[in-house]
């Protein structure tokens with residue numbers, strides 16, 4: 001009994017050790033690639049090319065006395081978040097870095113060498129690329145341009161509103177020679193591309209950019225249509241194949257199966273069966289899907305049988321003959337090659353060699369497809385800068401002409417208002433009086449509404465009041481309303497009228513209003529009225545003090561031009577009504 005219990009304990013111990021080993025194996029994590037990616041990313045951030053352009057990181061280094069930056073700052077970057085959020089793992093990855101070094105605690109890093117001055121030949125080493133794919137990223141550009149040399153920095157501008165790439169990028173190389181090589185080898189713009197290079201998109205702030213996804217969706221729809229058509233063609237071919245197979249199977253079934261029937265059959269019956277077989281062969285060869293290249297007679301028989309038929313069938317027959325001739329040529333070549341190989345060695349060895357050759361050819365074709373020419377336009381940055389200057393000069397000229405046209409339109413409109421039918425002195429005096437009244441009204445508006453007692457009516461409802469427009473319309477049917485102070489969902493509101501008489505008229509018409517709406521109406525007076533007038537002034541001041549977007553330069557001109565264009569279109573679209581007497 002003791003021996004049995006001892007054996008059981010040993011078995012249990014062995015099982016537990018095995019389980020521990022399995023757990024240890026599972027715990028082991030492979031982080032070589034992650035460590036390499038972390039080291040590469042941090043080396044780029046602290047490299048000369050990036051630090052000369054990255055103001056934020058440069059300021060963080062300059063703030064510290066020793067030039068150290070906390071690893072927690074790197075963890076806050078989005079690209080590092082994708083790799084890891086563990087500071088210890090980052091420290092482990094940077095131990096053998098050639099660009100940065102760790103402090104004694106392993107929580108901070110700094111550059112090994114101090115940052116020098118910005119190189120003067122930066123623009124000469126940089127190339128401008130356009131006609132990029134819509135979903136372009138840094139890794140794609142690095143893979144394409146890495147063939148020409150060591151890529152130091154990549155800049156892909158994006159739209160702020162949508163986040164889509166603008167369709168161009170800047171690639172900085174290590175040397176001028178590498179940049180020149182990239183311009184020489186990768187500058188292959190397609191025929192459809194515009195003649196002049198350079199994309200200078202100018203969009204108004206907060207204005208939606210024409211979505212690129214719409215174009216992509218259209219392309220996807222086209223692809224789907226193409227696939228559907230292909231599938232339909234394949235189905236049609238399969239149906240044709242099925243019909244041909246069924247016809248062949250029918251002919252096979254018609255043949256005699258028993259041996260007794262074969263002996264009893266006469267010679268004329270054999271001749272008929274031979275003719276039927278020939279017809280079957282002709283039918284099989286007439287189908288474009290089933291190619292029988294070895295049987296040359298079938299194609300000639302097809303030509304003889306299909307000659308008296310219609311023109312459409314003749315065209316089909318020509319295509320079939322072409323296919324048959326191509327297949328026969330291929331077979332001839334194979335026959336010649338097999339005859340030569342018979343002299344040299346066995347047929348099996350030759351077939352193996354042929355298959356190998358075919359595989360090699362396929363692989364070569366695939367490699368060629370992989371090394372296809374990418375349709376890009378590549379220029380030097382200095383050339384792009386010249387194009388940018390040209391574009392800005394054109395923009396300046398166009399804006400100047402737009403400014404002139406706007407001023408001309410304004411002057412013409414003023415002339416039209418002033419000129420017209422010759423006016424009397426009395427009419428002129430009336431005009432001047434009206435102008436003075438307008439000026440006084442403008443002054444009043446500038447100071448705000450003046451205090452008038454008995455003008456404000458308070459409206460109370462058991463349910464939430466309808467919209468401001470509906471309240472205004474119901475009150476305006478009785479007397480003129482200047483303003484309705486109402487927030488959405490409120491049960492109380494205030495209406496301001498022009499004169500106390502107008503407010504009193506609304507109170508008098510309470511019975512009419514109460515039929516449609518269950519409202520309580522009262523004119524404010526005393527302290528309540530004074531408090532409300534103070535509220536009006538405070539609200540007005542708050543509204544005036546709100547920050548406004550200042551439109552300047554090209555934006556201001558474009559908005560003015562748009563307003564003029566809209567006014568002209570509205571005038572043009574007006575319906576001209578003729579009276580009965582015209």
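Quick reminder: no glycine exception, Cβ is built from N, Cα and C everywhere.
Feature annotations, courtesy of Swiss-Prot:
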COMPBIAS  219-228  compositional bias 'Basic residues'
COMPBIAS  354-367  compositional bias 'Basic residues'
CROSSLNK  237  SUMO2 cross-link
CROSSLNK  410  SUMO2 cross-link
DOMAIN    28-122  domain 'HTH La-type RNA-binding'
DOMAIN    125-203  domain 'RRM'
DOMAIN    450-563  domain 'xRRM'
MOD_RES   1  N-acetylmethionine
MOD_RES   257  phosphothreonine
MOD_RES   258  phosphoserine
MOD_RES   261  phosphoserine
MOD_RES   273  phosphoserine
MOD_RES   298  phosphoserine
MOD_RES   299  phosphoserine
MOD_RES   300  phosphoserine
MOD_RES   337  phosphoserine
MOD_RES   338  phosphothreonine
MOD_RES   351  phosphoserine
REGION    1-27  region 'Disordered'
REGION    188-368  region 'Disordered'
REGION    410-442  region 'Disordered'
Checklist outcome for this item: Rounded mean pLDDT within the domain 'xRRM' (450-563) lands at 85
Checklist entry - Which residues does residue 410 (SUMO2 cross-link) neighbour through Cβ under 8 Å, counting only same-chain ones at least six apart? => result none
Checklist outcome for this item: Taking DSSP H, G, I as helix and E, B as strand, the domain 'HTH La-type RNA-binding' (28-122) contains 45 helix, 9 strand, 41 coil
Item to check | Three-state composition of the domain 'xRRM' (450-563), taking helix and strand from DSSP | outcome: 54 helix, 22 strand, 38 coil
Checklist entry - Counting by DSSP, what is the helix, strand and coil composition of the domain 'RRM' (125-203)? => result 19 helix, 18 strand, 42 coil
